[in-house]
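Features as listed in TrEMBL:
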type	residues	note
DOMAIN	B:21-149	domain 'Response regulatory'
MOD_RES	B:Asp82	4-aspartylphosphate
Amino acid sequence: MEIVAKLQKQFMEFISALYREGFLDDQFLQLQKLQDESNPDFVFEVVSLFFEDSEKLINNLAAALQQPVVDFKQVDSHVHQFKGSSSSIGAQRVKNACMAFKSFCEEKKIEGCMQCLQHVKHEYFLVKNKLETLLRLEQQILAAGGRIPDLS
Amino acid sequence: METFASSSISRRMGASSDEPHVLAVDDNLVDRKLVEKLLKRSSCKVTTAEDGLRALEYLGLASHQDGSTNSNCSKVNMIITDYCMPGMTGYELLKKIKESSIMKDVPVVIVSSENIPTRINQCMEEGAQVFMLKPLKHSDVERLRCQIMQ
């Protein structure tokens, strides 16, 4: 079917670009491999959890950095969580931004931390947008009766 | 590094079906979902816990529980725990498990996002089955399952 082929091509091009531009790494491929007939929404579920968790962490980080006396251990703990979940999802640029953030926490540099938070937020919303588009494309392919192309 | 005697494993295997029962401990929501899926994909039954205390409670080993509490000790064939957790670290959980006369032979796997040799040595010396880096892959979990089914 022409529609399915067109959508699949769009999907392949879009996801290849995400890998090429470093938004996603191999770990995302691992997630896709875990999706099967018994659990066809696995990627959607994990990504949704990631979105929920990340937005909570961003709020917690903003609050922690606004305290009159900043508790850098607490900030570091939130960043550690964020680094962990972004790594598990394969959101490479978010993970890297978190790693830089961790260094500033260790050095207790408030300015550096504030800048890092902005950077992490920026990368997070970028990848969120990309992932939402990707998942939408997947749904369109399935709705049109096609299968999601295997990237491996 | 195998730290369990084959006789205690076959006793556990006899009590359960073909599927090993794994207790997975991690404070991160995304990682818990991922490890659960990886284990189920490798035909394991999974129970998850969000911290060390809840893991100990599940096993009936928490300090506020006495030995007569109905516990899930005998059902669990392996424990996988994250190292970095608030309250009780994976290392502290490992120690508590190894101190228990009932659970000390159950393999405990420590996972961490950080590759720190002193941390790894500390866990291995305390009797961890293996130390693995996150994020875990399907091949990692398959290998683990083979080890515990021996």
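Placed from the backbone N, Cα and C atoms, the Cβ positions cover glycine too.
Small disclaimer: the values here were computed from a predicted structure and weren't measured.
In the predicted model, the domain 'Response regulatory' (B:21-149) has a mean pLDDT of 92. When other Cβ atoms within 10 Å of the Cβ of the residue listed as '4-aspartylphosphate' are tallied across all protein chains shown, the result is 24.
Counted with DSSP, the domain 'Response regulatory' (B:21-149) comes out as 54 helix, 24 strand, 51 coil.
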